[in-house]
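The following features are taken from TrEMBL:
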- 124-215: domain 'Ig-like' (DOMAIN)
- 224-304: domain 'Ig-like' (DOMAIN)
- 327-400: domain 'Ig-like' (DOMAIN)
- 406-499: domain 'Ig-like' (DOMAIN)
- 503-584: domain 'Ig-like' (DOMAIN)
- 594-683: domain 'Ig-like' (DOMAIN)
- 688-777: domain 'Ig-like' (DOMAIN)
- 787-870: domain 'Ig-like' (DOMAIN)
- 885-972: domain 'Fibronectin type-III' (DOMAIN)
- 977-1076: domain 'Fibronectin type-III' (DOMAIN)
- 1081-1177: domain 'Fibronectin type-III' (DOMAIN)
- 1181-1271: domain 'Fibronectin type-III' (DOMAIN)
- 1271-1362: domain 'Ig-like' (DOMAIN)
- 1364-1458: domain 'Fibronectin type-III' (DOMAIN)
- 1459-1567: domain 'Fibronectin type-III' (DOMAIN)
- 1580-1601: transmembrane segment (TRANSMEM)
- 1742-1802: region 'Disordered' (REGION)
- 1792-1802: compositional bias 'Low complexity' (COMPBIAS)
- 1960-2005: region 'Disordered' (REGION)
- 1992-2005: compositional bias 'Polar residues' (COMPBIAS)
Amino acid sequence: MSSHAYLCFCFFAVYSEDLHSSLYFVNASLQEVVFASNTGTLVPCPAGAISPATLRWYFATGEELYDVPGIRQVHPNGTLQIFPFPPSSFRNIIHDNTYYCTADNPSGKIRSQEVHIKAVLRGPYTVRVDDQRAMRGSVAVFKCIIPPSVDAYINVVSWERDTVSIVSGPRLLITSTGALYILDVQEEDQTHNYRCMTRHRYTGETRQSNSARLTVSDPANSAPAILDGFERREVMVSHRVELQCKASGHPAPKYRWLKDNKPLEPDPRFRQSVTGLLIERSQPSDSGTYVCEVWNSLGNAKVVGRLLVKEHLKVEITPRIVKGSVGSQVSLTCSVTGSDDYDLSWYHNGEVINPSNSVRIAGLYGENMVMDGMAKSDEGAYQCFARKGNMSAQDFVQVILEDGTPKILSAFSEKVVSPNEFVSLVCHVKGTPQPTVTWSLDDDPVIKDIHHRMGRIITSEGNVLSYLNISHTQVRDSGVYRCTCNNSAGTVSYQARINVRGPASIRPMRNLTAIVGRDTYIHCRVIGYPYYSIKWYKNSNLLPFNDRQRAFENNGTLKLSNVQDMDQGEYTCNVQVQPKQPISQTVHVTVKVPPFIQPFEFPRFSIGQRVYIPCSVTSGDFPISFTWHKDGRPINASLGVTIDNTEFSSSLRIANLSLVHNGNYTCIASNDAASVEHQSQLIVREPPKFLVQPENQDGIHGKAVILSCSAKGYPPPTIVWKYSKGSGVPQFQPIVLNSGNRIQQLRNGSLLIKHVLEEDKGYYLCKVSNDVGADVSKSMFLNVKIPAMITSYPNTTYAIKGEKKEMSCTAHGEKPIMVRWEKEAHIINPETNRYVVTVKEEGDEVASTLQISPTVREDSGFFSCHAINSYGEDRGLIQLIVREPPEPPKVEIGEVRDRTITLRWNMGFDGNSPITGYDIEYKNKSDVSSQLNQATIIELHPSTTYNIRMFAKNIIGKSKAGNELTITTDEAVPDGPPQDVQLEAISSLSIKVSWKAPQKHLQNGVIRGYKVGYREYSIGGRNQLIKIPVEATGDPESIILDNLQKFTKYGVVVYAINSVGDGPISQEVFAYTLEDVPSHPPENVQANATSPETIFLSWQTPANETLNGVLQGFRVIYWANLPDGELGEIRNVTTMQPFLKLTGLEKYTNYSIQVLAFTRAGDGVRSKQIFTRTKEDVPGPPAGVKAAASANSVVYVSWLPPLKLNGIIRKYTIFCSNPYNRFEAAPDVFLIRVPDLSRNRKYSIWVVAFTSAGQGNSSDIVTVEPLAKAPARILTFSGTVTTPWMRDIVLPCKAVGDPPPTVKWMKESGSPTPAVIDGRRSVHGNGSFVIKSVKAEDSGYYTCVASNSWGSDEIVLNLQVQVPPDQPRLTVTKTTTTSITLSWIPGDNGGSSIRGYILQFSEDNSEEWGSIPISPSERLYRLENLKCGTWYKFTLTAQNAVGPGRISEIIEAKTHGKEPQFSKEQELFTSINSTRVSLNLMGWSNGGCPITSFTLDYRPVDTVLWMAGPRTSLTKSYMLKDLQEATWYELQMKVYNSAGFAEKRVKFATLNSDGSTIPPLVKTPDKNKERKGGGEGLKMLVTISCILIGIVLLFVMLMVLRRRRREQRLKRLRDAKSLAEMLMSKNTRPSDTVNKQQQTLRMHIDIPRAQLLIEERDTMETVDDRSTVLLTDNDFGETAKQKSSTATHTVHYQSLSQATGPLVDVSDARPGTSKHSFLKIYIFSRRTAKAGPAARSRYASQWTLNRPHPPVSTHTLSTDWRLPTPRVAGSVDKESDSYSVSPSQDTDRARSSMVSTESASSTYEELARAYEHAKMEEHLRHAKFTITECFISDTSSEQMTAGTNEYTDSLTSSTPSESGICRFTASPPKPQDVCRVMNMAVPKAHRPGGELVHLPPYLRMDFLLNRGVSGASREAALGQACLEPQKSRTLKRPTLLVEPTPLEVPTNRDVQQWQPGTASTLPQREAGSDLAQAAKLSTSQESLLDSRGHLKQSSNPYAKSYTLV
């Protein structure tokens, strides 16, 4: 079999044991064989049989196949071979036809199903794939498009993507139909090429399609569009079938399947897959019309297709075993499954069966066949064929006819029964057909009654069980019972006696007739039992008396064998009933003799002879009658037969024999005894004789010929043909004749040659014989004549126009041959000018040539070469095609795309040559394939103008150019990626990406923007690209990627976007974010003191993922916790190892230790403090020793403890020499009395301290001499005494002398003055000075003077009062979604080291505060795990030894994130029906914060009550069930996250029950309202009037209340200001009285509703000891009392969110010194105000006023506002600009953006608007505003701990490090604007609840700056011109300082002029204020004006800076 022929084999099960060994099928289901023409095929016969077997092939028409050499052949084994052939030799009758095969042997014959054998020709074809478009995230479907002509033979074997085979996976799927699905389309999918590979199933040819591209676009709302579907699908039962249905659309479409317009019933076999509906194990019931409905919110579509599930036809004939006998009836039933509509046929031994008298075919399809009178010839194979379409099936059984004579297999036996006993008699009979059984008793039929029942049972083997049941037997039932079995084949019987007990008797017997020579039985019909004997008598003689007689005593039967005449007579049956009681019956037997015919035979006769045959009866009773039959029928009188009868004979005479007298003749003789017959055959023989003799004849080659030969004779003669090849002497050889050969012998004896060949030429002999006489034979000669045949000619030939062309044809055949030429039925006349015909004979062939010169276009056509001879005619058809170049096409534009232009054209004359292609010229020549009249120019450049012209070409040449077109291609997605993509890490969280546009020729249009995709490459990182759109601004482009992971590798790609879509992705480039500090501290820090001066530390390195960089080492921070409660120097040590040994430590000192890891980016998080104490050692020497005489023999010794205790002092030992004495003192005793000393003798005294480690070093040695007149000496040491405030302090002064000295205390206050003694201060009797509840003003130098008559002594004690530390300055430096980083600058430590900080934080709307302790060395802290998108409040408190200080200002910050939002591009409803609604929850975006919950409420629009939907997690979808039909509903949905919630309310309507929509909501007018008319209008007017009046009254009340509050506030602030002025006047002192030791004085004063903390640095002046100062209004007018001083002040005015009021800091610099005083005024509002959620604005303003020399600490005044109108980013105000603004109102919108990281551009735009507001609120006229920088406050520890006053400098010089925090500067106006007067608004700060707080006018800066300025100076200043500001040297710091100068303050606050010296940063005082008078400016060296009154140049000018926080 050919390797390319596909056969289906199925073995047929044969059930009959006979069929197993005879007929069978080897591939019963073979129905089609398809093969390639170039391979041929071998088809085995599907039927088979055992030997001897014959296999034959037939056409479907029933004609037997014959071999065609080289084309078709049937092999002896039954295989049909079709040879390979060229396409030109294709013949339908051979290569596309239906055949069947038969197999027969002696048991029968079967035929196979029809087999369609079809050859597939090899031919050109192409496959292609079209480009596709898809939205990102959707599905794309590529299909391999195959031409319909070969679609049935082509399989898609694979798909390739960029030459790499695609394997079906999660995203790329190859379907069963060969389509390629791309699921979840991504951007990168459009960078590949896709193509399919196909293979021809039969020829093996493979094809590769073109490459197709996928265009990916962003999701856009669109209705569903079908991508893949089906129209009709056929599948065999139990197979898997897939019904394609795939659509595109956005939102993603939904699918629903229907079958026969009904929803698909649930079935586990049905599953909706990615490609459509998948049906497993298909069933016939699955057939039907399927509808796939596709829909989304924008539309719908559907796929409608038909599925046909076909079953294999299956045929079964019953019964399976058919055995019968000749003459019987056979019934067969054919059952068909697999279809309800089919055609059915019956066959017997391969021949179709038609209904007849003996054959009945019944049933709907003819499935029942009944055959009567079966003959032996009816045996064989019976087949039933079922056919439907191209499917068929068959089954067969074998019918066997055998001898069916009945045979008794078993029967009943003789028995004796009692009366009334039940008896059952059974005969088991076998026979065909089934025999009938009759029962008789004593030769009489058994009558069926209630006591006698008969029946039959058919066994499984087909046998008959016949039974006779006798109930209640009686004596009369005794006798001989016989069962007689009879069928058409014969009769058989069996008998036996049944005896019933009872009186014996004999039934009456009938006389009998016996036939001589036969056996006769005489039955004695005895009944009853028992009896003793049965005997037969004849003529009183007991029988038997000869050997022919036999008596059966047991049953009373007498047998007479070979009856003779002597047997005639009376026979008596004698039955002995009792021993002496016989009974008898007599029967007469008559003997008759049958005729006996003397046998006779017919001798041999010939035609014409006479015949006489006698039939004599030699014995038999008379009368005898005679009858003659011929062939079983009476002799017809027309035969001329004479019959003569006598008494005992009859004769037959025929006078003239002929063949009609042949037959079997029977003589029948009959008498009363019997009829006998004798038969003999009469054969009339005739010698053979030709009826038709063979004659010489001609046969025509290729045609059939019959060689006639027929003969007669009897017996019929046999005809044999012989053949002798050629014309030489005949040598005859037998001709082999086989069925199916080319040569066959017909039934009449003639020889048929179906296809005459030249080799058939020769002699043929016909021989006839029949064994009668001599054989006859006759030969003939067959001369094969060759008709004229064209053997060679071109089918198609080509000529070029204008050239000479010759065409030749060669003819073969019997000569003469005439050849003529025709052109399209017109005979060519060779005498014309252009035609020449030449003829040439070459052997048996004739060649004719037609020459045309020159050729013209009209010569194209069909020429025929006709060859004619006497035996036939042939024609060769030649197509001449005169070729020439084609005419140019007329081109028009079909379709213009980005890379392709489709052209259509109308083609003129093609030059009689197929167009091989078209040349399209645009920039260069391009060959373009063509199909029909359309071509597409590919690989064009998008967005390019082309001039196009077309040439058609064929193999002859090219046409002229066609019409020229000018076409511009569409834009296309860019072909090239962006160039030179570079990454620059600019921080640990951000990378700058820069790139250049794609190459110009690859842009394919105008680049509109870019997308930057980046992904993280780290363990656990996301591999999914995160894409950021970027607008195209120029070349090069750049973007900063924020919020990245620290020190992490990132891959970045960029692709360009134009109006069409996205271009290819650039090659991925990689970069690491910069290192950052470690985010976790070292773990498991352990410390162990190894000696008094060393501590060994060890720790564990933080995890790698927390290092955020390359670990550079570890830093150990440690400090000593001194015994006095202070902290030692904070030190740090760096190491590379996770352990360290600290050396050089203080002995027996408790150390605080922290460890941190650091990278190149800096220090990481510190570990928690651990505390370790070094080991003890011997102490140092006592710090001091004093000894003084108090009497002539007593000395007092005092000492100080060692400076380095090095442990716990156990005792002191005092040594006194000369003589050597030793005294011991307790560790807490520092004074000892040494008595019993000698007067006037000097003693050396020293002291030693002891610890557990031993004795320390000795102190200095002092000498002392006991004196009687001892001068006063003080044993107490001078030094510093430190105490926390509000405690009682004792300043000791132990004095001795003789006489006892007196003690006085002095306090340094400029000059020593006696210490004040009052209720809080007193001197004890021991000389100690006691101060109760010590306060800050108690600090200072106290001198104790002791004196007596002989001398005096004094000590100085520096009392330092420690107060709680000042509040730190807290700021926010960075925010993320879950963290906020805070930094701070410590305030004054209050005289005691800062022990730590307490950070308190709370959510904005919460009253619960959390607290975190922080190490004293920290200056920055990050709070983690905060809620996303939430406002937080923070305060910071410093702690020292005294306790916690004041709480810092409350600052607020918000973590990134916002409330959820619902995307406008998403539809909320995905589906709505009559009772359910499906919601799309995927449209909710979380706003950057995870969604926590959601609520859903709904109600019918006509009801009030809301119904809550079931609460679940926010999944992709949500279903609302159990709704009312045709009802409008209102839906309210709230989605929550930590930042808040969002609400969405919509209305929707459910559908009607039939799926239709309901009318929209319509507002129906209220008739009642219409009636009311004017009444309602009047009511409405009254209502509106009342509302307006109420609003006016409310506004008036608010204004009155606001004025009252403002007056109260102003009064409080006046009080505070008056006190500040008073204190400043008292604190002034000359510079020459300053003590060299730097001291700090802090005074805390409580006043009603105000709290002032006045800090004076570098002063020793005593401050008045008052806790409460009462102020009057007169105190505010004391301008004349102001001291002559120049100061630089900073006012800090900050709006707080808690219950605190504004904070004002005023710094005062002492004139004439480099030292300064620092005054802070804190004003706290006692009024409680709860902070609302909208209590902040986005901006805070800061004013700074600095003096040039020396630098002082700068503080800020901040206020909040919002911007009323937008402005262009980066705009600069002109000189004449004027603005109008309104006071800001806090809004959530402003608040939500308070802390942000927006881009600089948007920030500048907002800042620009803020400048406008600032100008008005500051009263700065014509000031120039310039953006200077973006920055974050520099809060490094160096600046915090250096003790300098350069905080302002640090702010102004800091480098920008985060977008969104920017500074701008307001510079003074130009000089020419000095005379312009302009109204400016006053800055107004927000307070919680929205209350506005105005800074009182008396706290303006001018009341501090303008003290002492004379009126003359003031007037002089008025005439000065405005100063021209200098340009800044850098953008980071303004360079111009405006010197404050005297200015007359007008009474009208609406007008103010800018003059040198004007402190215009604060609002003007109201009219009538005491401060309306001008103050004088000091003329000291600190003046800001030069000698000419002009401003001095300075690097620290006056500037107003704004910070966006």
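Note: Cβ is positioned from N, Cα and C throughout, glycine not excepted.
Keep in mind that TrEMBL annotations are predicted by a computer and have not been checked by a curator.
The stretches the domain 'Fibronectin type-III' (885-972) and the domain 'Fibronectin type-III' (1081-1177) do not meet in space: the count of Cβ pairs below 8 angstroms, excluding pairs fewer than 6 apart in sequence, stays at fewer than three. The domain 'Fibronectin type-III' (977-1076) and the domain 'Ig-like' (124-215) are in contact, since at least 3 Cβ pairs between them lie under 8 Å (pairs 6 or more apart in sequence).
Taking H, G and I as helix, E and B as strand and the rest as coil, DSSP gives the domain 'Ig-like' (503-584) the counts 3 helix, 46 strand, 33 coil. The domain 'Fibronectin type-III' (1081-1177) makes no contact with the domain 'Ig-like' (688-777): fewer than 3 of their CB pairs lie within 8 A, with pairs spaced 6 or more apart in sequence. Helix, strand and coil counts from DSSP across the domain 'Fibronectin type-III' (885-972) read 0 helix, 41 strand, 47 coil. Look at the domain 'Ig-like' (1271-1362): DSSP puts its residues at 3 helix, 52 strand, 37 coil. Sequence-distant contacts of the transmembrane segment (1580-1601) (same chain, at least 6 residues past either end, Cβ-Cβ under 8 Å): none. The listed stretches are 787-870, 1181-1271, 1364-1458, 1459-1567; of these, 1459-1567 has the most Cβ pairs under 8 Å to the domain 'Ig-like' (224-304).
Sorting each residue of the domain 'Fibronectin type-III' (1081-1177) by its DSSP state yields 4 helix, 53 strand, 40 coil. As a summary of secondary structure, the domain 'Ig-like' (224-304) carries 3 helix, 49 strand, 29 coil according to DSSP. With DSSP classes pooled into helix, strand and coil, the tally for the domain 'Ig-like' (124-215) is 8 helix, 40 strand, 44 coil.
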